[in-house]
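Database features, via Swiss-Prot:
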- 22-42: transmembrane segment (TRANSMEM)
- 61-81: transmembrane segment (TRANSMEM)
- 118-140: transmembrane segment (TRANSMEM)
- 149-169: transmembrane segment (TRANSMEM)
- 196-216: transmembrane segment (TRANSMEM)
- 226-246: transmembrane segment (TRANSMEM)
- 259-279: transmembrane segment (TRANSMEM)
- 286-305: transmembrane segment (TRANSMEM)
- 309-331: transmembrane segment (TRANSMEM)
- 352-372: transmembrane segment (TRANSMEM)
- 395-415: transmembrane segment (TRANSMEM)
- 437-457: transmembrane segment (TRANSMEM)
């Protein structure tokens, strides 16, 4: 565990001490080495499932894929941010930018590997600070302050009941260790209080996912964030909600059986509603942000149904969606750098100008609509099957949701790549090797996971 944490911390002095000329290459290489070293976590041979144990941190088959995804994203964020956001900024601000990204990765590693629920809660909250600074300081438009406020208050309002609920659990059990939490009993409360306690436990994670209804902060935050902010938000920060739900639901039995139904229905209804919103979007980043809400709705359904297939499908879909949506944000950013517009009508027909980028757009769009045999489809099918097994009425919602997903993914591809090239963007800068490498490092892991899906199966 320390072989990842210490180099991650040392990346901050590296960013501040590296010469100006070598700042980005040095930090990129350093973070890439950390990402490669993190792959050793996949080799989990222990019988209990827990490995790399020390009193505060451990990895198990649920947290390992998410930890590796967090480490994998830092070099990609540095690669994506190099020329555009930072070339015209003072050198100290560039160093600060890299330090923020590094601190975010450090907090995420601590969150995903925490063995104590309170430590997880603290890290869950602390990730808010670097993300908020990224959005409000490096965002594009003045609306970034509004987006930052939404992000802050939604997250805080959802998280405070969780702290109270965890302290209540600590009071009745004497411990909040994840290793013993599975075998503990929920606090003995009156029926009404128990229901409020259950909602308090789950609300913070539903806001973070986000569940349809408490999702308003997400499109704002995504649209206003710089490219690195959008990538880490879509790929890893939303997954904190799913991970926390999987961890805490184990202790909430038997309350979940009776209280989870409205949330499952709301999540599946959200898949259809946010998909329909995507069909009417004109802003490219906003479309990708709403598609995240749609996919996370399926994940919420898969987790709340609490079957082994549901959990496995949710984890697979979280990992696959993390790589896919991050790739889509990078592609949207390459368009934005050239056309200086996120409006799809003003940047059409880019296949004529950037044909190789169109190939990447095509693969990423197909991954988003869950083409077989990609992990996206595997995750969605497992969730849909476990929901259908619970109630066959859900097939109407999930089937329609998947149909709409295919519709808006193709709409996004056709609107950006096909059609006549507008007259105001005739002279475009050609695509760079850096951009192709960036997208390849998103999509290659996704394609290679087809060959060994048990790496992201989780517990089952």
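Counting starts with 1 at the first residue shown.
Using N, Cα and C of the backbone, Cβ positions are placed for all residues, glycine too.
Sequence-remote contacts of a segment are chain residues at least 6 beyond its ends whose Cβ falls under 8 Å from one of its Cβ atoms, and for the transmembrane segment (149-169) they are 117-118, 121, 124-125, 128, 131-132, 135, 176, 184, 186-187, 197, 199-201, 203-208, 210, 214, 216-217, 220-221, 251. Long-range contacts of the transmembrane segment (437-457) within the same chain: residues 42, 61, 65, 72, 75-76, 79-80, 312, 315-316, 319-320, 323-324, 326-327, 330-331, 360, 363-364, 367, 373-376, 378, each at least 6 residues beyond the stretch ends and with a Cβ under 8 Å from a Cβ of the stretch.
Most Cβ pairs within less than 8 Å of the transmembrane segment (61-81), among stretches 118-140, 226-246, 309-331, 395-415, belong to 226-246. Remote same-chain residues near the transmembrane segment (226-246) are listed as 62-63, 66, 69-70, 73, 76-78, 80-81, 84-85, 97, 101, 104, 108, 111-112, 120, 124, 127, 131, 134-135, 138-140, 202, 204-210, 218, 285, 288-289, 292, 296, 299-300, 303-304, 311, 314-315, 318, 321-323, 325-326, 329-330, 333 (criterion: CB distance under 8 Å, separation of at least six residues from the stretch ends). Here the transmembrane segment (259-279) has long-range neighbours at 195, 198-199, 202, 206, 211-213, 215, 287, 290-291, 293-294, 297-298, 300-301, 304-306, 387, 394, 397-398, 400-401, 404-405, 407-408, 411-412, meaning same-chain residues at least 6 beyond its ends whose C-beta is under 8 angstroms from one of its own.
Listed as Cβ neighbours of the transmembrane segment (309-331) (distance under 8 Å, sequence separation of 6 or more from its ends, same chain) are residues 62, 65-66, 69, 73, 76, 80, 222, 227, 230-231, 234-236, 238-239, 242-243, 246, 285, 288, 291-292, 295-296, 298-299, 301-303, 357, 360-361, 364-365, 367-368, 374-376, 378-383, 385-387, 389, 435, 438-439, 442-443, 445-446, 449, 453, 456-460.
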